[in-house]
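Visitor: Structure below; questions to follow.
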Amino acid sequence: MAVIGGAETPARKAKWALLDVVVVVYALVPVLWIVSLSFKTKGTITDGNFVPREWTLDNYQEIFTTTEFVRALVNSIGIALIATLIAVVLGTMAAYAVARLDFPGKRALIGVSLLIAMFPQVSLVSPLFDIERALGLFDTWPGLILPYITFALPLAIYTLSAFFREIPWELEKAAKMDGATPAQAFLKVIAPLAAPGVFTTAILVFIFAWNDFLFAISLTSTERARTVPAALSFFTGASQFEDPTGTISAAAVVITIPIIVFVLFFQRRIVAGLTSGAVKG
Amino acid sequence: MADIVLDKVTKRYPDGALAVREVDVEIADGEFIILVGPSGCGKSTTLNMIAGLEDITSGELRIGGERMNDRAPKDRDIAMVFQSYALYPHMTVRENMAFPLRLAKLDKQTVNRKVEEAARILDLTQHLDRRPANLSGGQRQRVAMGRAIVRSPKAFLMDEPLSNLDAKLRVQMRTEVSRLQKNLGTTTVYVTHDQTEAMTLGDRVVVLRGGEVQQVGAPQFLYEHPANLFVAGFIGSPAMNFLPARVEGDRLHTELGELPLTDRVRRLLEQAEAPRDVIMGVRPEHFEDAALVEEHARAGGAVYRGQVDVLESMGSDKYAYFSLGGERASSAQLEELAADAGVTDLPSGGGQLVTRLSAASQAREGERVEVWFDPDQVQLFDPNSGRNLTYQGG
């Protein structure tokens, strides 16, 4: 990072380090709190200590031995990945068209997609519930994948078309002159350059689908399609008088892991893509 | 290699705007032809139509005798160099140059051999594994050329390939492009708005204005025999001087005094049925400091006496600027040229005369000086149509 208006003095470094720590602590305390809870034993869970006095993996063992959670995890991963894949593929094509082509109804398309993004999802839950019941989609994977794609697409189109607009059109012309078919020009020249945008979009869409609670709780009724955020709310203890705090915490920790992995994995790609860009002549 | 024929090629956009009107040009095999004109004259559109990047509204394009109107760019076997170079930033220089060959499904060895040969010609061998972002402007330009020459296409199309380079490098690359084209002998269509590039590079030059061809010819011919005011003003630097003039009998009344009309000029004027009021054009280089013209040579010439406004010494020459009273020559074509050069609102008042004198001239700013010129070098134009009344077709 370039230092603006001053040399890198120790005092300056210390000031920034302090600031960074404050930000990180502020952001991470709730996360660490739930991690801490997940490692506490049943007896000490309410003691209010930040660092557990007795460590245990019981909570983790317990969630992975119940089919309820494992099944929900499979549902979550499957639904989020499929929704991401479809939304990114459709979004890429749509964004390319929006950025590059002039077709009738382009403004209407952009307007409608913006409208969908702005629409309060909660007001659509009841009609969706009825529609899915009538179509037999209720409590199925497609029953969640479809609304996720619908609400993720506007976001995908917006992010991606911004990336496509950055790519000089002459590159595509050059590829055509070099003997590429339109498909080859897109796949070999445009797509690699848009890759950082595609990955960014994929992350955003995945996170949206992964974190969704509203649709997951409203459009499912059994383990068939219930995702982890919804399943968490159905957690009970071993008996009905037992508090499931420990297991909920453990499950909450587990479902943050795929997100972290996903972001870390693609972040490398994003950075690599950005540095190799430098398109301007 | 092949010839390129544009047969009444026209481009009309869906909104009705006419970009190119009935362009008729026959480009011979191996010829280096320049499309030149101010911005918006349709030169790039014409090039894009040859490339296949834009549809031809009407007319026919033939390359090597085959009709190309409906063929995709990739099936025309022509290579293009873009103004922005359009190098693929995610590929190395080698991959950039190999791209057209890989698309043509050549085997690896052939691809490598051809890329290395092109790199050697363009002096890019040590840069083959670098990415475009790490190259200088001149190197990027050469990579763009390399990508065009590797597959030995039927023709090269170049869209202002040198305009992103700084002045010195541009002159150097100009020679380079010219040499490369001569060595390869590939038909080349080159678009530029720079008349110097047009004059120095081309076998022939096509001057375009508002989507219409004004004149086609060898650079020297265009310089000596411009077909109209537009071509006369566009070709040559500094530009030709234009002054209002009036034909009276065998004399010409101008701001520079009364000039005799030579027999040749008078005959041409009669043939052209010239109007009385005309625009006189005379190039700066046709003037000379009268003190440096020998006595016997001065006879038959005309002399203008005036006060030097500004004197620019270029080392090899001196440019002397004179302010003329009276009005400026006015014509639609001249205004278009001025608009393109961005000098429409300069407060120059009356007309101005630019003369190029020898370095030996003793002229000084603010002093009166006599400049000599040969009235036979004068060109006369119709102010309404812009037509050159003294035009002698070659």
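Backbone N, Cα and C define each Cβ position, glycine as well.
Note that the structure is predicted; figures quoted are calculated from it, not measured.
Features from TrEMBL:
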- A:16-35: transmembrane segment (TRANSMEM)
- A:73-266: domain 'ABC transmembrane type-1' (DOMAIN)
- A:77-96: transmembrane segment (TRANSMEM)
- A:108-129: transmembrane segment (TRANSMEM)
- A:141-164: transmembrane segment (TRANSMEM)
- A:185-210: transmembrane segment (TRANSMEM)
- A:248-266: transmembrane segment (TRANSMEM)
Visitor: Can at least 3 Cβ pairs under 8 A be found between the transmembrane segment (A:185-210) and the transmembrane segment (A:16-35), with each pair 6 or more apart in sequence?
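Guide: Between the transmembrane segment (A:185-210) and the transmembrane segment (A:16-35), contact is absent.
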Visitor: Rank A:16-35, A:77-96, A:141-164, A:248-266 by Cβ pairs under 8 Å to the transmembrane segment (A:108-129) and hand me the top one.
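Guide: Between the stretches A:16-35, A:77-96, A:141-164, A:248-266, A:141-164 has the largest tally.
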Visitor: Which bits of the chain, at least 6 residues beyond where the transmembrane segment (A:16-35) starts or stops, bring a Cβ under 8 A of a Cβ in it?
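Guide: Residues 50, 249, 252-253, 256 contact the transmembrane segment (A:16-35) from elsewhere in the chain.
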Visitor: Sort out the residues at least 6 away from either end of the transmembrane segment (A:77-96), same chain, that have Cβ-Cβ distances under 8 Å to it, and list them.
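Guide: Beyond its ends, the transmembrane segment (A:77-96) has Cβ neighbours at 109, 141, 144-145, 148-149, 152-153, 156-161, 163-164, 186, 190-191, 194, 198, 201-202, 205-206, 209-210, 225, 227, 258.
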